[in-house]
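Just below is one structure, and these are the notes that go with it.
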Amino acid sequence: MGFLKALLVAVYALHPNFSHAETAPNYSFVHESTKAPPVSYHDYIVVGGGAAGCPLAATLAETANVLVLERGGSPYRNPGKTDKGNFLLTLSDPSPDSYAQIFVTEDGVYNHRARVLGGGTVINAGFYSHAETEFVKESGLDEALVNDAYQWVENKVVFKAQLLQWQTAVRDGLLEAGVLPYNGFTNEHINGTKIGSTIFDMNDHRHSAADLLEYADPKNIIVYLHATVTKILFPTQTVGSGTRAIGVIYEDALGEKHTAYLTNDSKSEIIVSAGAIGSSQLLMLSGIGPRSQLEPLGIKLVMDQPMVGQGIADNTLNGLFIPSPNPVELSLLSTVGISLFVNYIEAGSGLNLAPSFGWISKFLLSISDQVFTYNFIPLHIIILQKVARPLSTGHLELRSTDPNETPKVRFNYFQEPEDLRNCVQGMKTIINVVNSKAFSKFRYQTISTQQLLNVVAALPLNQRPRHIDTASSLEQFCNDTVMTFWHHHGGCQVGKVVGEDYKVIGVDGLRVIDASTFSFTPGTNPQATVMMLGRAMGVRIQKDRLLKEGFKNHTNRELIKWIVVCYPVCLII
């Protein structure tokens, strides 16, 4: 049987013991949106129960009435589906209620949007690492508040990543390749090679931002699933700067409309946490966006804001698939090589690609015997690199007024020459790791790295055209084989669409708190910082509300709770 067959068809079998979430939270406040009343009133309405929305809502619900509207379902409905061994199966699920909504960018790159309570933390590779110090300074958040918020997240959903044979070889290969120094285990974002944390526990069960809702006071929060927000409401008589958001309209799974209003209170707010694509899309559907886009679709203009949907970006992924002659553990991302401002090198092993990408398997079967004739190889690994801070940015454009339809998204991958140079540098590092002594146990010496490049160049990993020099030129290889790292950001950036307090500029009672506000993705993988941001901003909003009220309308019990929960960090913000 040919080598290419072995690469994706005869890969490592799925973990024999499919694990189940050890104890799924029994949330009394999570319901299907079909059970929602026609009209309801809340202190805060959080649109999107994802990586930012869940910690934000859990925090606000300590002292206020909170509604969370999540367009997807529950991650707890199918125990084991989101565990480590099922990572690719979850991403490739094409069903209408899958956790990952598949789409193709205008650049011809396959992509996904999270569609589940917990957001991207339910479908990602699990790596957990803090943001760089620069990001924290630019965010305007106090360092002590940030550290407290990280700890709050880590107490519930974060574990030290295991370092077994394969990940140890990756670590040592990175050091041989010059990715120095070795920083050991740390969650800090520092130059060199390190071991990070993960949201998978020791039994490979996934924990997600949805678990952070355990912090919420169940009497103060309600979460509706399959609740798709169609628009944010504004008083009909107000248009332009100074208007105030008053509520939202959302549809349940049966298409019935419901309206949720803010309480008649100047301190109440709608907070959009629908992700880089969803948040920009909802603002536009609600009349906040470029006039040139909204008017042709018949959307009533609330405020002409040309920067909504602009500056959206994605970190690129390129890498090598490598067959191993020796057993490898099931692992996602544990070891990372960090070249600050340039690229990050990460790796996984033992994943079952065949069920996830049958279309690739069929393609390989059609050409395999024409290329290599190696023996059956059931073990498979991947090393990949991410361009750290892409300068290339794009834009988002509505296709229609349907909130379920993913907009046109163009990331303009490698439009900026520096991004391409960083990708080439990253691929050179990967090649050096593969050629290292530490890595020798996990590769066939008779298979050259050029042959590995040839294999990746032949795979239909995206819809971009191939060129005669795709495999021979690393520049062309990066361009032609680019994939997504799923780290979408921008579209509602601070200073352009929202202020430093994440309030939408020119609109009262409306904030955006998620990765759409970022100008670059923090750390090697952003989930830690997005969850931290939700918690930290929840604390700030909570503090501001209570200080504005002067504690007048709160019971002694509520004040004691606020002092216990918030006072230590409120002293520093």
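Indices start at 1 and increase along the chain as displayed.
Cβ atoms are placed via backbone N, Cα and C, with glycine included.
What you see is a predicted model, and the numbers here were worked out from it, not measured in a lab.
According to TrEMBL, the feature signal peptide maps to 1-21.
Residues or ranges marked as FAD binding site by TrEMBL: E70, R71, V116, V229, W486, H487, P526, Q527.
Residues 47-48, 50, 71, 113-114, 119-120, 229-234, 299-306, 308-309, 312, 396, 398, 401, 403, 406-407, 409, 488-492, 497, 504, 507, 512, 514-516 of the same chain sit 6 or more residues outside the domain 'Glucose-methanol-choline oxidoreductase N-terminal' (275-289) yet have a Cβ under 8 Å from a Cβ within it. Per TrEMBL, domain 'Glucose-methanol-choline oxidoreductase N-terminal' is recorded for 275-289.
Summarising the annotation, TrEMBL assigns disulfide bond to C423-C478.
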Report, in whole Å, the straight Cα-to-Cα distance of C423 (disulfide bond) from P526 (FAD binding site).
19
For P526 (FAD binding site), what is the tally of other C-beta atoms lying within 10 angstroms of its C-beta?
27
Integer Cα-Cα distance in angstrom, C423 (disulfide bond) to H487 (FAD binding site):
16
